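Structure first, then comments.
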Amino acid sequence: MAQGLEVALTDLQSSRNNVRHHTEEITVDHLLVRRGQAFNLTLYFRNRGFQPGLDNIIFVVETGPLPDLALGTRAVFSLARHHSPSPWIAWLETNGATSTEVSLCAPPTAAVGRYLLKIHIDSFQGSVTAYQLGEFILLFNPWCPEDAVYLDSEPQRQEYVMNDYGFIYQGSKNWIRPCPWNYGQFEEKIIDICLKLLDKSLHFQTDPATDCALRGSPVYVSRVVCAMINSNDDNGVLNGNWSENYTDGANPAEWTGSVAILKQWYATGCQPVRYGQCWVFAAVMCTVMRCLGIPTRVITNFDSGHDTDGNLIIDEYYDNTGRILGNKKKDTIWNFHVWNECWMARKDLPPGYGGWQVLDATPQEMSNGVYCCGPASVRAIKEGEVDLNYDTPFVFSMVNADCMSWLVQGGKEQKLHQDTSSVGNFISTKSIQSDERDDITENYKYEEGSLQERQVFLKALQKLKAGSFHSSQRGAELQPSRPTPLSRDSPRSLHTPSLRPSDVVQVSLKFKLLDPPNMGQDICFVLLALNVSSQFKDLKVNLSAQSLLHDGSPLSPFWQDTAFITLSPKEAKTYPCKISYSQYSQYLSTDKLIRISALGEEKSSPEKILVNKIITLSYPSITINVLGAAVVNQPLSIQVIFSNPLSEQVEDCVLTVEGSGLFKKQQKVLLGVLKPQHRASIILETVPFKSGQRQIQANMRSNKFKDIKGYRNVYVDFAL
């Protein structure tokens with residue numbers, strides 16, 4: 001008489017499955033698979049082989065603390081050939097004398113997360129035995145056409161899911177600087193940290209059963225992750241800090257990768273890491289989303305609007321010296337702002353609005369009561385469909401708001417200039433499988449000044465004023481625009497050109513740099529004054545310079561000058577200016593941004609002329625040389641060359657070096673004191689542990705500067 005079937009051993013075939021599911025970079029020791037794609041396992045039996053006519057093998061998969069069949073977080077499905085009501089399926093591959101290989105497949109809509117796999121064996125005698133086969137992790141699958149995150153380009157999948165390093169663009173629209181970043185989404189423990197992040201969310205803490213059930217939706221997961229990257233509502237990953245005081249944490253400019261941040265958060269019991277700013281929030285979110293399997297890229301928007309009241313106007317205020325003032329509305333134009341785009345279908349929106357979606361983890365405004373933003377369809381932004389979920393009005397304003405300049409004098413405000421094209425420039429991301437920059441501005445808006453662009457702007461403005469939003473939009477944006485200084489003038493129309501200073505006074509002013517603005521050197525520039533009229537013009541011009549934070553917040557002025565310029569008809573003149581290093585050094589922010597402004601007035605006219613320019617000071621970069629061939633599990637020497645660019649001694653110098661697949665953890669070297677203009681180098685030793693294209697990222701900080709950076713790409717060969 002045949003005995004009941006007993007399982008002696010299970011082989012989850014982790015190495016083979018992980019390679020087929022593109023997760024071998026994470027590990028080959030534990031099973032990590034993607035939904036909508038089959039994976040194999042082998043059952044070894046103790047007493048006899050599996051007999052399909054006599055034995056029935058039933059699989060059970062469970063995720064979350066409260067697995068539930070109705071919610072889809074528990075599934076029961078049979079190896080038998082008859083139809084199973086479960087969306088999970090299993091089928092027989094091979095059947096031997098004492099072993100059986102089977103294939104299992106999760107539906108392409110299954111919740112992602114950590115699963116427990118069990119089987120029940122119902123033998124012909126009615127005996128039932130149950131076994132726990134082990135755990136596995138299920139991820140989104142951009143290779144599966146039925147998955148909501150499916151991306152049909154292999155080069156794009158390699159870039160936006162598999163690439164573990166990249167560049168984040170910083171600086172200004174006139175000086176765009178690539179900042180190297182180690183995303184490290186496949187590094188040790190990162191997948192566990194990402195799943196812990198989901199479990200620490202307010203949604204999970206409030207209703208874990210529903211939260212786990214909703215993890216099949218990339219829209220839902222992206223909003224949860226977006227809220228968890230900042231710590232404004234919860235014990236999220238990062239504390240934001242724009243104060244320039246980082247004594248109890250790290251200056252955001254010092255970070256070169258996400259791995260150290262996520263591991264610190266995890267190791268300290270999920271206490272927020274100090275500190276981050278927009279590019280750090282976006283980079284860490286990119287790491288988490290790529291790790292979970294959602295195609296993600298980091299986007300930089302230069303001259304990014306932060307419109308606090310939803311009227312698509314950024315108001316800037318100046319005093320009579322040309323100094324920019326803070327304003328009570330908190331409207332600002334960030335020199336650059338960084339967010340993410342994630343690729344996903346949007347079945348919750350009308351057809352055509354899937355694809356790239358904006359998600360912004362920087363805590364600026366609340367959405368549904370928490371600090372997150374998105375996903376907002378990039379196409380909806382371009383078309384002005386600001387009533388589509390989620391947070392589209394706020395993102396639209398970041399790339400499309402107008403800028404209004406006001407002179408504040410004697411308690412009164414005088415309109416100087418309305419600029420319809422200053423916000424949203426050179427929207428940038430790293431190119432696919434290249435170190436070059438891609439300009440994707442046309443994805444967000446039509447050409448500035450075109451009829452289509454103005455039609456879209458008016459459509460969005462009308463929707464905002466009508467307050468026609470779904471309940472899930474930002475609370476502040478559900479209300480019609482409240483009165484602002486713009487209410488004194490009619491809204492922008494299709495045929496009304498923006499008011500420019502030269503339209504009125506027939507004199508134009510412009511700044512021009514004479515030399516590249518390098519840190520530690522004097523800044524030399526001229527003010528160009530041009531009289532386009534046929535009359536003499538006598539000008540008084542107040543000039544000033546002040547440091548800016550990258551979010552547009554002004555610091556106190558440190559340089560002022562007054563120029564008196566007489567212009568003959570059609571004449572142009574230059575007024576030379578110089579700001580010495582000793583004048584700006586102690587006032588410079590970490591962002592190394594200086595805004596020079598000129599406010600001119602003609603003696604015979606009440607009109608004012610405003611011009612300004614943002615200068616970004618540059619450092620010499622770190623040079624990295626790889627000494628010899630890079631081979632897996634073979635020692636490798638790396639030379640790092642760095643210098644003090646200043647004509648004064650700097651102290652507390654620290655060099656950090658990292659690189660996924662090259663260093664097990666971030667390397668820190670205490671350099672101490674560097675003499676003026678001193679150039680030095682060190683040799684670091686490491687043993688690469690992953691093959692393929694890799695990147696080394698380096699940063700040097702001191703008491704005088706925080707972010708001298710460098711990088712080097714290196715290809716690591718397999719060991720012979």
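Glycine too: its Cβ is placed from the backbone N, Cα and C atoms.
Remember, TrEMBL labels are computer predictions, not curated facts.
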Suppose you had to name the range TrEMBL annotates as region 'Disordered'; which of 230-259, 470-499 would you pick?
470-499
Return the single residue from the recorded positions list (C278, D360, N400, D402, E448) that has the minimum number of other CB atoms within 10 Å.
E448
Tell me which residues of the chain lie with their Cβ under 8 angstroms from that of H337 (active site), as long as they are six or more apart in sequence?
C278, T300, N301, S304, H306, T362, M398, D551
To the nearest Å, how far is the Cα of N400 (Ca(2+) binding site) from the Cα of D360 (active site)?
16
DSSP-wise, what's the residue breakdown of the domain 'Transglutaminase-like' (270-363) into helix, strand and coil?
15 helix, 41 strand, 38 coil
What number of additional C-beta atoms lies within 10 angstroms of the C-beta atom of E453 (Ca(2+) binding site)?
18
Mind looking up the mean pLDDT for the domain 'Transglutaminase-like' (270-363) in the predicted model?
93
